[in-house]
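Contents: one structure, followed by commentary.
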Amino acid sequence: MHLSELSHPNELHGLSSSELEDVARQIREKHLKTVSTSGGHLGPGLGVVELTLALYQTLDLDHDRVVWDVGHQAYPHKLITGRFNEFHTLRKKDGVAGYLKRSESSFDHFGAGHASTSISAALGMAIARDRQGQNHKCVAVIGDGALTGGMALEAINHAGHLPKTRLLVVLNDNDMSISPPVGALSNHLNRMRLSPPMQFLTGSAEEAVRHLPFMQGQVPAELNRIKEGMKRLAVPKVGAVFEELGFTYMGPVDGHDIGALVRTFQEAHRSEGPVLVHVATTKGKGYPYAEADQVGYHAQSAFDLTTGKSFPAKKPKPPSYSKVFGQTLVKLCEQDSRIVGITAAMATGTGLDLLQKAVPDQYVDVGIAEQHAVTLAAGMACDGLKPVVAIYSTFLQRAYDQLIHDVGIQKLPVTFVLDRAGIVGADGPTHQGQYDISYLRCVPNFTVMAPKDEAELQRMLVTGLRHNGPIALRIPRGSGEGVPCLEDGWEPLEIGRGELLAEGDDLLIVAYGAMVAPAMATAGLLQEQGIRATVVNARFLRPLDEALLVPLAKRIGRVVTMEEGCLAGGFGAAVMEALHDRDVLVPMLRLGIPDQLVDHASPDESKQALGLTPPQMADRICERFGSAFGDRLQRQTLSV
């Protein structure tokens, strides 16, 4: 069967192991070809090809439910659920999403993008099934990295107390989440993987037998029986932790042996209660470069399949904000042993991998445990350390109670660096950093700021570390503005003071963070039409520089705010409230993300769709205030 002919996963029923292996080969070829061209998650999907095929051969996907944790490993799932012919549009605007979306396919039973949610969702489906007298199967597929998340453990604890509720949890254990997983549970799983029977199961012994001249590529049944016996005898406590929590434990199973997987899943489906099947896989399986560098090939931009190297940029780019942050933090840590960098399993993405290599004693990775990361930092701050929590804007949402209860209320000096703040692009709505402005500006005692460029980022980091209270700094995804960075001697900013960048009498533009450069470009376009704008780099969301903004708004009489975040409760709303409280009631235009989700596309495409490019913003300003500008407006449409 050719993969392109597979329109429904139930068509896998009845295929032999060799036929499934041929489908697996085609999936890997398509997966590699597509990701090498368009970019995307590489290693996770390559590691679960056989797992996916074997699982789906034992299910009826018209009725049964499968919840994939995170969803970045579900490319094989997409390829066998009718999206083969559209797969070349992966992560592109209006194309196939990089994660699971209920709106994209009836086979995407639960959407995701964040880790550790699958067991809770699948258990909820199982309870709904039982209450409605139905009989379909409910399955959660979760990686060993996501299993470190507290939510996953909460769900396991709950499911274990429901002995009559049929639930299958498939643990995809590749000893890798994005960065290597940490913690006692991960260490326990690792001991399982490194036990002699497990090494025999997944190591070179079977391959050596298969290649003996007289074996003709086959493995005798006796060897399989020996392997199973060794597992039972030498690793009797492998699943003890899950058995104690109320699950029937099966495994470990070779995650690339389709026959063994099918037999195990069939046995698991016969159980009357919760079952955990432990599957040992290799992240990046089938592509040597991805197997050798499982962190580097977790996700990739477009790359050369032959060499495994990313294609060079068409023109040199400035360093990313993440890299500038990481390099600066390393230097600050070298100067002050009290500074500690904390990540929640995202060291590479946030730039903290640089700290891990340079000053490992001042680096902490808590795993996928954002709530713990925040309160851990609070505890450190209580006793004299200077914690810096580097975390994606979208993931900090998961620790909101800790921000308020453990840090804000107690006014503890913790510095938060929110990476990927604003529009992030192809990862789509689960990863857009569009909410942090709104959810941070109301937290008591917090100072909130955003830099206009790399050099200002460095100064803000120093500001945070010298401030005796909680402070949050948001930085966008991608390259900086190309402003030279200082090697040392960074001066802190005066908290609550903005920066006047340009002066004009017709319009006041107040921009925040990544929107400062577009604001200046917009002002330049307006200047060409005879409109002179004052431009302010707000720097601080909380506290706002009311001493600067109020007199300017009162004098100029027309205000535009620009932000890369939600308009609801956002930066523009903060400016409007501040002016209103001072009885400055002037016409305003707030530019940002309206009340909608931002779907997957490139950042530039998303900004175009939202009307946030400089030509579009200039046009919107002219439409809003055109009559007030009178004869000075040399009207022409700038956005095309």
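Each residue, glycine too, has its Cβ placed from N, Cα and C.
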Recorded thiamine diphosphate site member, picked from His41, His63, His72, His467, that accompanies Gly113, His114, Ala115, Gly145, Ala146, Asn174, Tyr287, Glu370 in Swiss-Prot: His72
Close in space, distant in sequence - Asn174 (thiamine diphosphate binding site), Cβ under 8 Å, 6 or more apart: Gly47, Gly143, Asp144, Gly255, Ala280, Thr281, Thr282, Lys283, Gln294
Cβ contacts of His114 (thiamine diphosphate binding site) (under 8 Å, same chain, 6 or more positions away): Val70, Thr394, Phe395, Arg398, Thr430
DSSP-derived class (H/G/I helix, E/B strand, else coil) of Asn174 (thiamine diphosphate binding site): coil
Least buried by Cβ count (within 10 Å) of the binding-site residues Asp144, Glu370: Asp144
Gly145 (thiamine diphosphate binding site) CB neighbourhood, other CB atoms within 10 A: 27
